[in-house]
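Reading through the structure tokens given below for one structure.
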């Protein structure tokens with residue numbers, strides 16, 4: 001009886017000692033990676049500058065509701081109605097009237113050459129016909145080769161038509177004023193009432209920047225050891241694959257955390273993007289997302305034969321993350337199969353998490369499905385990496 | 001701990017390496033063929049052979065870096081097929097190419113090794129290794145910036161830091177100057193004296209003579225093993241040392257003769273050997289008597305034996 005208890009205790013002791021020894025080995029790999037990281041100045045610099053420059057560039061550059069679009073007008077009717085219409089377009093801020101075309105051919109050419117995005121033709125006798133009640137038409141030609149860019153402006157133009165002539169249609173011609181709609185259409189643009197793109201883009205950028213940098217850092221880690229010949233030494237030492245993996249991933253978790261902090265700070269200070277929900281929850285879930293990407297990168301690293309291959313695999317993974325996650329295009333606008341692919345990607349879930357917390361004030365309960373998806377994804381990637389890790393040089 | 005010892009073949013096995021029939025192929029091409037060897041505790045065992053003969057592959061199979069295609073055996077009493085984790089803990093393997101981290105300092109490299117082997121005080125262990133290696137002034141220098149000789153010293157230092165029972169050294173002195181080579185061998189002998197077993201691969205003949213025992217491997221096959229004297233005696237190579245004028249022409253004539261198996265110039269002399277003394281004597285009778293060169297009976301050197309062994313194997317393959 002007592003002997004049995006003794007064996008139990010020694011077994012437990014051995015397990016504790018074994019666990020502590022494993023932690024020491026993970027720590028050994030952690031310190032080693034951190035030191036190597038510090039020595040590699042260029043990598044270190046990119047860690048700071050990639051997130052900042054990308055955020056500044058794209059945060060300011062991407063705007064899906066562009067204003068001040070170059071516009072040309074062809075005015076063949078010198079009436080107060082024409083002037084009012086052009087003035088109203090100016091005031092809407094969507095149109096920047098740069099050129100007055102001299103003929104229809106000229107207007108076509110301006111659009112075709114891409115010098116303007118909109119061409120507006122007010123035909124001859126427009127004012128006269130309007131007063132006569134002949135419903136004259138204003139021709140608006142939009143360059144819709146970028147439909148997103150044109151969308152907001154076209155909508156603004158339609159809205160403008162109902163009110164533009166209210167000042168001109170007075171006295172005898174008042175009957176030509178458009179009838180008021182029998183009801184009022186009131187549209188709420190929730191979470192982003194001004195429809196500002198950056199509120200959507202900046203949290204999304206945080207996800208894409210972290211995906212890119214984290215993937216590449218770990219994707220190179222194992223192949224680099226193989227290419228430099230240090231793998232032979234490492235494999236001849238008593239350190240297990242899972243210990244190597246955790247030791248290699250851990251420093252980048254720290255780096256990723258710093259990057260996320262940097263981006264969040266810039267989002268608040270430069271772009272005025274608020275964090276409506278819990279900052280603590282955002283930090284924890286961001287770390288989970290970082291871990292997911294580090295695991296994928298590490299998995300690639302165990303499969304690739306060279307650093308170049310590892311980079312190619314990273315980009316192969318990165319592209320669908322950008323295109324199918326809902327970062328670039330509305331997730332719900334994609335066909336079912338594309339949405340299914342998107343559901344596998346960590347960025348898709350993180351975008352819901354980060355936009356949810358930052359803009360809508362979502363709580364853990366609201367996000368648990370996405371958190372679970374990220375967690376499962378991470379575990380699967382890590383499991384695959386450990387299974388794939390070549391423990392011999394065979 | 002007790003469990004670990006119980007699984008060994010013996011408490012302190014006198015035979016440190018004991019393998020039979022090791023075979024390894026890469027892409028269908030056999031690199032090591034049916035190799036069996038035994039290495040006793042505390043010996044320096046030289047592993048000789050030309051480039052590409054399978055030396056590195058054998059060392060890697062012994063320390064668990066490669067899985068043998070067939071064959072079995074033990075290393076330090078642990079099964080090389082199933083207990084490679086235990087073997088790694090007790091074997092120091094020094095790779096042919098410098099494989100410590102070039103972008104870590106000497107101290108950082110040593111501390112990394114100490115931690116991976118779970119030494120109690122990695123800092124102190126690195127300190128004493130640095131003192132032992134005489135690297136005090138270079139402790140904070142990056143390993144990649146060291147000269148060839150210092151890199152090799154550091155690599156050996158890192159190997160012996162965890163106190164292994166067996167050292168596997170893969171061409172440790174390649175590209176190192178003579179002084180550093182001598183220091184290195186002095187160190188190896190000190191370690192062996194302290195009870196460490198050393199298996200060292202090389203293709204320098206003078207280094208072979210510094211080993212207690214040697215094994216010669218060519219084309220993946222172990223051709224001879226034993227002490228240097230045993231290997232020479234076992235070859236039964238009858239040898240004449242020829243001096244005098246026009247040795248180059250003489251060598252060409254001799255090579256074509258039946259009964260002459262090997263002709264090799266050594267400085268101002270020519271070594272002429274044959275596997276069968278009677279046939280060698282018969283073939284060279286006229287030349288020996290006519291001159292103008294002077295023929296004297298000599299001892300085959302280790303190099304003569306190895307070159308002969310190699311040509312015999314080559315013949316078998318042709």
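Cβ coordinates come from backbone N, Cα and C, glycine included.
All annotation found in TrEMBL is predicted automatically rather than curated by experts.
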Looking at A:161-179, A:180-198, A:313-331, I want to know which stretch TrEMBL calls transmembrane segment.
A:313-331
From the ranges A:201-223, A:339-361, grab the one TrEMBL calls transmembrane segment.
A:201-223
Intrachain neighbours beyond the transmembrane segment (A:279-301), with Cβ under 8 angstroms and 6 or more residues off its ends:
206-207, 210-211, 214-223, 245, 248-249, 252-253, 256-257, 260, 264, 310, 313-314, 317, 346, 349-350, 353-354, 357-358, 363-364, 367, 371, 374-375, 377-378, 381-382, 384-385, 388
At a C-beta cut-off of under 8 Å, are there same-chain residues at least 6 beyond the transmembrane segment (A:201-223) that contact it? List them, or none.
33, 43, 46-47, 50-51, 54-55, 58-59, 62, 231, 248-249, 252, 255-256, 259-260, 263-264, 267, 271, 273, 286, 289-290, 293-298, 300-302, 304-307, 309-311, 313-314, 317-318, 321-322, 325-327, 346-347, 350-351, 354-355, 358-359, 389
